[in-house]
Each structure stands twice: as C-alpha cells, then as structure tokens.
Amino acid sequence: MKALVKAKREEGIWMQHDVPVPEVGVHDVMIKVTKSAICGTDVHIYNWDEWSQKTVPVPMVVGHEYVGRVEKVGAEVEAFRPGERVSGEGHVTCGFCRNCRAGRRHLCRHTVGVGVNRPGSFAEYVVIPADNVYRIPDDIPDDIAAIFDPFGNATHTALSFDLVGEDVLVTGAGPIGVMAAAIARHVGARHVVVTDVNDYRLDLARRMGASRAVNVAKEDLRAVMSELGMREGFDVGLEMSGNGRAFRQLLEVMNHGGKVALLGIMAGPEPVDWSQVVFKGLQLKGVYGREMYETWYKMVAMLQSGLDLSAVVTHRFSIDDFQQGFDVMRSGRSGKVVLDWGAAR
C-alpha cells in the first residue's frame, strides 16, 4: 500500500508505495483512510528533533489524525461493520493497569501512540483495536472528523474546569489553542483572550471567536484586561504554547483561586515563580490526550449544538502533495492542514 514513512533518521518524511498492508487481529478493525490531517507531532517527527530521536523507531508509518471507512473487522469484533465511517483514538492503552481498570484510560502508564510507536494513519489502511474506533455521525463533515484528535485535546483541556461566565486566557494560538477558545465561547465563558506572537494565528483566533487576540510582543496584556473591564484577573488559564515566558505571564495575570490546565510541553526545564501558585491558591492540571471516551461524546455534542470549527482548516492538499502540506505547517502560517486520499493521482 501507499504510506508516508519516517524512513531515515534525518529531516523529512517519505512516500513509499510498497508498504505491507497491516494484519488484522481478532479484536482489531482495519480502516481505509479517506482524509488525514497533519499534527504538530508529525512536524516534530519530520524535523527529527530530540524528542523524535528518542521516541520514534525507524522505519515508521506516521500520522494519527484521520477519518475513513471500516474495511475489515477481526473475528471477535461485533460493534462495527464494513463501510461505516469512523475515526480512531490515537492512544492505545494496556487495559490492565490501575487507571485503565478504573476507567481512566487516558492516564494509562503504558500508552502506545498510533503513528509514533506503532504504524499510523498516513497510509491507505490503518489497523487499531476495536476499542479505539469511534463512529462518526453523518452530519459531521470529513474535514472536521479528520481533526477529532486535536479537537479532543482542545476539548479535554478547555472543559477541565467550569467556564460558564468565567474569563479565560489561552496562551498559544496554534490550532488546538484556537479550538479551545472556540469551545470556551461555545460553553458560556465571558471573555476569552488568546495570546501569541504569530499574527497569522492570532487572526485565526479572532475568526474562531476570541474576544481579543493579543500579540504580547506588541501589546500590553494588562491594558487589554482593563479595556475588557477585568479587575481581578483571569479565572481559567489554558496553556497551549509550551513556552515558558507565556506560562509565567499566565500565572501573573491569574485571579486568586484560579484554575490552570496545561497541554503545551516545554522544550526543557523552565524557571517558574511558584509563589504565584502558592499565594494565589492556583490549581494546576496537566492534560495528555483525550478522556476515553467522554471527550469524544462531548466533541460530537458540541458540533451538533452549533460549535463551528470550519475556519481552523485552512489548507487542503492531495496526499500526493503532502510535502506542500508539511511546508505550510512548518511555516507557522496555517491552521489545520488536511490531506485527501481520494484526490491521489
């Protein structure tokens, strides 16, 4: 089959046409991929950064954001039938650790990542356990279904705390950050402020519904807070940037008793003024992936109740033009990039 493969321990990803079709175990489902999306993780793997070198075995079929149709099911699978439109949870969990057995699979100690530690979805076919397959309702378009993985990250992070009537700060205007901003507005936050230094992505945040999108290299965040009538600080902070300076500023402008969810990963150790956390009585929560499968149910419910994410998909290419997709992702001048397998030449 055709697939995008991390074939060498160097910068790049390569199209190969002779990749073996994955085998289907008795509890597995084979999905014929129709559309894929490029994740920031895929860009890290493309760049072959320090994390990728330590994490990804080579060769590896990459990718974990997709939508497709069931092609084949294993002998013991009863919940799915060929032809059904589906996506899949990208974290394969063990099922036996304490957290898995308690229903907290997103906290599994032995998580294996699709397209990172096991063959992924930048391929004509991907095989995952039936437990990881999620059926997509007919009223959700393919382009949105293909980004359920990062949409799930945004949902898990944003809905970590009650947002109704709250003032929310989102640090980082990448695709997940701007989707989190849209979610916060959808569920009833008062002011949603997004910070970044990338004007393209700040404009995207505005189109996704942010009250204010602030370039902190040019504007004073506290002045913006005053303009909005905020007197005591933000009630909820969502750290999506992985930038130490952004996190430190977030802590400075949080209200006493505020709540902070962190999805962004810092590149290395960062100095933090922990007195901000202690004396303000802040709550911090780390977020990894999606709650299985409460996050998925909430994603569908929000889309079916009017949440509009269409603006976050900014570029579309045929899978044969994947290099253009990676180039625009690496430029920082994009939202989500979707690759169409049906448009292959």
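Cβ atoms are placed via backbone N, Cα and C, with glycine included.
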Quick check: of Ile176, Ile183, which does Swiss-Prot put in the same NAD(+) site as Asp196, Arg201, Leu263, Gly264, Ile265, Val287, Tyr288? Ile176
Env. residues of Zn(2+) 1 site, Cβ within 8 Å of mean position of Cys39, His64, Glu65 Cβ: Ser36, Ala37, Ile38, Thr41, Asp42, Gly63, Tyr66, Gly90, Gly115, Gly120, Ser121, Asp149, Pro150
Cys39 (Zn(2+) 1 binding site) to Asp196 (NAD(+) binding site), Cα to Cα, whole Å, comes out at 19
Between the C-alpha atoms of Cys100 (Zn(2+) 2 binding site) and Asp196 (NAD(+) binding site), the distance in angstrom, to the nearest integer, is 36
For Ile265 (NAD(+) binding site), the one of His44, His64, Cys94, Cys97 that lies nearest, given that the recorded positions are compared by Cα: His44
Out of the recorded positions His44, His64, Cys94, Cys97, Cys108, give me the one sitting nearest to Tyr288 (NAD(+) binding site) by CA distance. Cys108
Per DSSP, Glu65 (Zn(2+) 1 binding site) is which: helix, strand or coil? strand
